[in-house]
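One structure is given below, encoded as structure tokens.
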């Protein structure tokens with residue numbers, strides 16, 4: 001009897017457990033869409049990506065127009081390349097950052113990866129088409145399997161704006177123009193105070209050599225030095241010694257050099273330095289820095305450019321001059337900042353908000369793709385557009401200025417009923433004359449609601465039709481801001497310039 005009781009009790013326990021599991025499954029099924037077969041989607045964007053509303057897109061478009069205008073002013077033409085490349089095209093070009101490349105599944109006999117930047121595809125394009133000189137810009141999205149920091153404009157999918165000069169030219173002239181372009185763009189966008197840090201990979205390699213860094217550790221130590229804008233010197237030294245196996249003496253010598261900042265005078269001083277003068281590589285780099293600063297003086301940009309030995313830039317393909325633009329004051333209190341954390345050379349009291357442009361010379365990259373190894377010297381710069389967007393968006397948030405999301409110049413309106421056909425005719429006349437116009441999609445809208453739409457959308461002019469205007473063959477143009485009205489004949493091409501002033 002006891003055995004039967006025990007068996008019966010255990011059976012009830014098992015049934016209860018089964019009922020609990022069934023209830024959990026039914027709850028999960030309900031969350032996923034129930035019996036109707038419909039799947040309940042999770043409404044979110046993928047990690048490290050975002051949507052952009054019309055206001056944000058208006059700000060982005062304004063920034064793009066400023067940048068493209070600058071590129072064109074300097075004589076650049078544009079190209080486009082595929083969003084994905086053969087995996088072997090991208091492999092081995094980015095040093096330690098290669099782990100951030102998005103690889104795609106093999107779908108058609110080719111191993112592919114999403115482009116990591118626009119520079120390597122550009123080099124492949126030059127080699128493939130046997131182009132030996134070009135001045136080009138390219139604005140497109142790139143992809144990095146990075147840990148996103150959305151508040152600082154760091155995403156997994158983001159735009160890059162690149163300007164590059166390829167060809168055999170006299171030293172430092174194209175390089176100086178790239179720095180001039182960065183200066184112009186940051187000045188025109190009015191983001192706040194900035195500085196452009198300049199160094200040379202040959203100076204870094206020469207410095208590493210005279211400080212006792214083994215040849216096989218140059219690139220990995222360079223990647224560590226590149227973290228000085230985010231980490232303190234103490235932490236950078238620890239990584240060099242404890243993780244990269246560098247001697248403490250070599251690290252201390254590197255620390256002395258990377259604390260140095262200046263201009264042409266610093267380059268002259270280092271050419272006389274007992275250690276640095278022993279390196280032919282470093283001397284060649286220092287001589288070019290001197291020449292670069294002489295051209296930058298002619299371009300009137302030296303007030304924002306500093307020769308900074310702590311600048312490393314981690315990408316493997318750089319061969320000469322490297323540079324990076326940093327905002328020192330964003331002009332907006334709410335912008336997230338990244339402190340220098342006491343890095344060597346951090347003598348300024350202003351706080352850095354991070355890099356907004358970077359680039360350099362990469363003379364060997366095209367030759368890596370050319371079957372015969374023919375080199376095409378290249379220098380370029382990439383504008384950190386997403387970080388700039390973040391700052392511009394936050395400036396717009398704290399500003400009272402209204403951001404227009406359309407470019408409509410004239411709203412076609414009527415004060416009386418039954419004039420839909422006449423409003424549509426007038427709208428077509430304006431479109432045909434090249435004037436940006438809009439009409440309400442209602443037969444008999446109230447004049448007040450039409451005027452309110454103009455105020456909300458920032459439309460500067462209203463073309464008002466009435467029976468008397470139709471009889472006289474004219475249209476009343478009202479300035480929304482002042483309510484001033486002027487009658488015009490319907491010869492719109494003649495008044496288009498006048499309309500465009502509003």
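Cβ coordinates come from backbone N, Cα and C, glycine included.
Predicted, not measured: the structure shown is a model, and the values here were computed from it.
Here TrEMBL flags 19-413 as domain 'Aminoacyl-transfer RNA synthetases class-II family profile'.
Under the heading L-histidine binding site, TrEMBL lists 117, 118, 119, 144, 160, 164, 313, 317, 318. For residue 117 (L-histidine binding site), applying a Cβ distance below 8 Å and a minimum sequence separation of six or more within one chain yields 94, 142, 160, 162, 382.
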Report summary line: Counting every protein chain shown, other Cβ atoms within 10 Å of the Cβ of residue 119 (L-histidine binding site) number 26
Report task. Mind telling me which of the binding-site residues 160, 313, 318 has the densest Cβ neighbourhood, counting other Cβ atoms within 10 Å? Result -> 318
Report summary line: Of all C-alpha pairs drawn from the L-histidine-binding set 117, 118, 119, 144, 160, 164, 313, 317, 318, the farthest apart lie at a distance in Å of 21
Report summary line: In this predicted model, the domain 'Aminoacyl-transfer RNA synthetases class-II family profile' (19-413) has a mean pLDDT of 86
